[in-house]
Structure formats: structure tokens, C-alpha cells
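A.B. asks: My structure is below; once you've seen it, I'll send some questions.
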Amino acid sequence: QKHVLQIPTEEMKMDNWTAALLTGVACIVGYLVVLVKKINSLRQAEEKIKRARNRREQSLQRAEQAVLRYKESHPTTDSALILTLSLSELTQQLKDGSLSPEDVFYSYMEKTLAVNKKLNCCTEVLLESLDQLKTVGSNKDGLLYGVPVSIKENIAFKDHDCSCGVIINLDQPAEKDSVLVQILKKQGAIPFVKTNLPQALLSYDCSNPIYGQTVNPHNPQKTSGGSSGGEAALIGGGGSLLGIGTDLGGSIRIPASFSGICGFKPTAGRLSSQGVRPIYRGQKSVLSSPGPMARDVDSLALCMQALLCDHMFSLDPTVPPLPFNMEIYRSSRPLRIGYLENDGYTQPSPSMARGVREVKALLEQAGHTLVPYHPLKIDEIFPELMIKGFLADGGTSLLQKLKGGPEDPCLKGQFHRYRLPKWYKTIRSFLLKPKVNFHIIHDYIHETIAHWRSCNIDVLLCPVIGPAYNLFYCSKIPTALSYTIVYNLLNFPVGVVTVSTVTSKDEEELKHCNGYYQDMWDKLFKEAVAGGEGLPVAVQCVALPWQDELCLRFMKEVEQLVKQSKK
């Protein structure tokens, strides 16, 4: 018994020391393996980014050379005049032969290259457009014959990436054109450039680690908005007169508002989404929709008319075969219009509220009936749709897309919220099951339509986020999205029309705005929109699902009345 209780021998001490040493070595080796893997992953990411940037640079250089060659051989081309023409004027002159597709194409290519140097809005010139230009005459009957069109980077064009601003999607060129690109070509349009977007799309800024930050065409200290920010900047800067973006929470409307152009989000399902790449699949509670962006409403309507054709219905049988109803778009009957200056959740900037008030007065003078309207339960529904709709999995799917590469500085605040402890996200994912979310949304849509009909309104006038934010603020202020994302949740068609600019009085009034909750987000919103004098101010025009033509008709009415008032 005494022998059993003896102090350990030197041999046992040595064994313990050896075990500890081996454990330490194993830990160091494990750490080194992880470190090497991380270094290799970062190197691979850097190489991918370098290749993507080289592709962009080479395409820009080749396009520049092509422009120079054309200008030398066609010295009498009046590019300045061409760039002033509206889309309807341009298509008419192309059809009657007073303008050639070549003159138009190279005029816009030259302007795009100049705008990109200032705003960093393009991810790649589609050099195939140079070849398409040679054969475009075969589509002379198309509604968009000879029109250069820009497309957002996540819209598939054969042999080109749809990166969505994340490294993991690079070097995966599309196998074929998206349905929208096929229709554009069929209608005689020439897709000629892809435009920038934010990393992972789920942001209303426009910056990513591959192509960098796109800035506002009216003030380089401001963002162009997102996620269709490259489109908005290019069109707002004069480098394109028609583009295709996508809208998940305001991704067409916010950049249109920030950049001073028009943008339209159709009812989801009205246009084909085949070949339009999302950041992740399966999110069906808040619906995304591709849509047109342009300088004026007639251009949006012409684009919708061109896209809503038999060829699209044939290529994508999931799209209901509803051609564009020109009779509704051209109607002049007086409308009964609901309106709101604020949604009671985020206090609008003074210019946002003023824009609605001024348009309301113009509509009343024109003989329309204006009815006060307030959206239902925004303070309840907004957090519901944000958390349960976008992040029912705790942001896991999104974070997987960010693996193996750097994160954009503009979005670090946003991504940080998704990196909560795994145990917390597991519990939250269990509690926030999508079934509950769909049930709430289904009820909310029907309640809203019933409320809309009880007010007996045709359409709705409301604010849109604006003016353009100072850089690095978008990811910090999710609350302001309440003005736009609700119409994705409801799946109502909605568009944006620029109606004014920020005044010195607006800036003075902003100093006294503290928000409804006077919390961190209200304070950040005030900082974000400060210094906006001279920037565009826009309003939103909304209609019930599938009444896209009525929504556009309302937008056109607003646009015309604003123009007349300025005269």
C-alpha cells in the first residue's frame, strides 16, 4: 500500500512532459496549417481580383481605341447633339435613317469612358457589342433598334462574370445570355457595358473589393446609391440613356433618387429573372425584380413595352403573357391619389417631405383628387421583414459568399451584425422560421390592399430616401429602408421620379431634425444626408400588383407637371 502511494518516478514525469510537448507541437502545427491555408486563400483572392481588374482595364482600353478609330474615320459625327436626344427622339431618328447606329454607339461609348473615369461606375465593356453593331441592321424593326443599353453586373451576358461583388463568384463566366439580354438584342438594342454594384448586393451603397467605390454624378463626396448604383451613376452622368437594374429593397429606386434619374421596379414576375443572379437563392419573402432605369419616364415605358413581347413569354413560360398596355399608359383620366409625407418610422429629410408636398399641390391643381394615406404597422412589419425575411438563417448564407476574400470597408458595419456567436444565430434561426414569416406577409399584403381600397385610391405618392448619403453611411442605417422595402414585401409596382433639388432652406431645417425615436439611427441619418444642397430630390409613385402601366402613367403625370411648373 505504501508502494502505491509513492511520489511519481522521474520516468512518469518525463512521460507527462513529453505529452505536453507533443500537445504544444500539435497546436503549433495546427495553427501553422490554418495560417498557411488562410494565406493561400488570400493569395488566390488577390489573383482573382487582379485578373478581374485586368479584364476591365483591357476592355476599357480596347473600347477607347475603337472610339478613336471611329472618330478619325467619321470626323463629322455630332456626338454632342446625339447625347442630348431623348430615347424616343433617338429611336425615331435611327428608324428613319437620319442617324446611324454606329454614330450613336460610338458617341455613347466615348461618353461612358469619360464618365467612368470620374465616377468608377463600369465593371467591364462588353466588347461583343462591337461585333453586334455590325449585324444590328437585321433587327431594324425592333423597338430599341440601335440603342446602346447598359446592364447591371449581376445580369448574365455570355462569357462574362456575374460576381455580385464577391470574390467566390469570379472566374465563373455565364454560359448564356440572360432572357432580358436576349430580348434586348432581339429588339435591336446593343448591351455595351456592365455596371458596378455593392459587395453581396444587399446594400444601398455601391462599393466592392473588386471594382471599388462608385461615386455620385452630382457630388463625388456622396454615394450613387445601390445596389444598382453603377447604372444610376452612368445614366445620371450622361454615359447611358437606358439601363437595366434589379430591385430587392429599393435597389433601383434609391440610386435613381440619389443620382437624379427615373427608375421603375415592376411587379415581381412581370419581367423574366432567368439569368439574373441573386447573392443567394431561396429568399422568397421579400421579392426582387429587374427593371429599367433612364432619364425620363417615356424611356422606362418604351423599355417595358420592348421587353414584354412574345419572345420573352416564349423563352420564359413562367412569366405571364401580359403585353404592355399602351392605352392605360396614355390615359388622361383624373386619378384619386393617396399621399404621405412620412411613414411614422423614419423621419424624412426636409427635402424628402417637401418633394411630396410640392408634387401633391401640382397634382391637385391639375384636377386629381389627393387623399391622406398612412401605411399599416410599419413599426412592426419593418423589423419583421428585415430579420425574418432577409436573415432567417442568421446571415449564414451571406457570410459563406464572403469567404476567401476581403470585405469592403463600406460594408463592415453591416457584416459585423451578421457575425454574432453561432449559438445565438442557431437559436434565432430556430425561432424565426420562414413559415411564420410567410404567414405574416400574406396577411399584411391582404390587409394593405383592403386598406388601400377603403381609401378608394388608384395610386400612391410617397417619399423615397434622399438626398444622396455621404460615403460610408449606408451600411449603418438600415431603418431608412422602410420607405422602399415595404413595396418589395407587398410586391407592388413602384417607380421614382426626380422632382426637385435640395435648397439651403432644406439644409437649415435639417439641423432641427432629431427623428421620431431620437436614437443612434436617427442621428446617423441626419449626418448621412447633411451637405446635400443642390442634390436631386425624388418621389415614389406606387400602384397595386400587376398595374405596372398605371404606375408608369402616374409617374409620367408627375414628371410632366414638374416640368411645366419649372417653365
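From the backbone N, Cα and C atoms, a Cβ is placed for every residue, glycine too.
So TrEMBL lists these for the protein:
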ACT_SITE  S251  active site, acyl-ester intermediate
COILED    35-69  coiled coil
DOMAIN    107-552  domain 'Amidase'
TRANSMEM  17-36  transmembrane segment
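Where in this structure would I find these features, and how exposed are they?
C.D. replies: Within 10 Å of the C-beta of S251 (active site, acyl-ester intermediate) there are 34 other C-beta atoms, taking all protein chains into account.
Across the coiled coil (35-69), mean pLDDT in this model comes to 91.
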A.B. asks: Which residues of the same chain, at least 6 past either end of the coiled coil (35-69), have a Cβ under 8 Å from a Cβ in it?
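C.D. replies: For the coiled coil (35-69), the nonlocal Cβ contacts are 106, 109-110, 113, 116, 122-127, 130, 161, 163, 167, 170-171, 209-211, 403-406.
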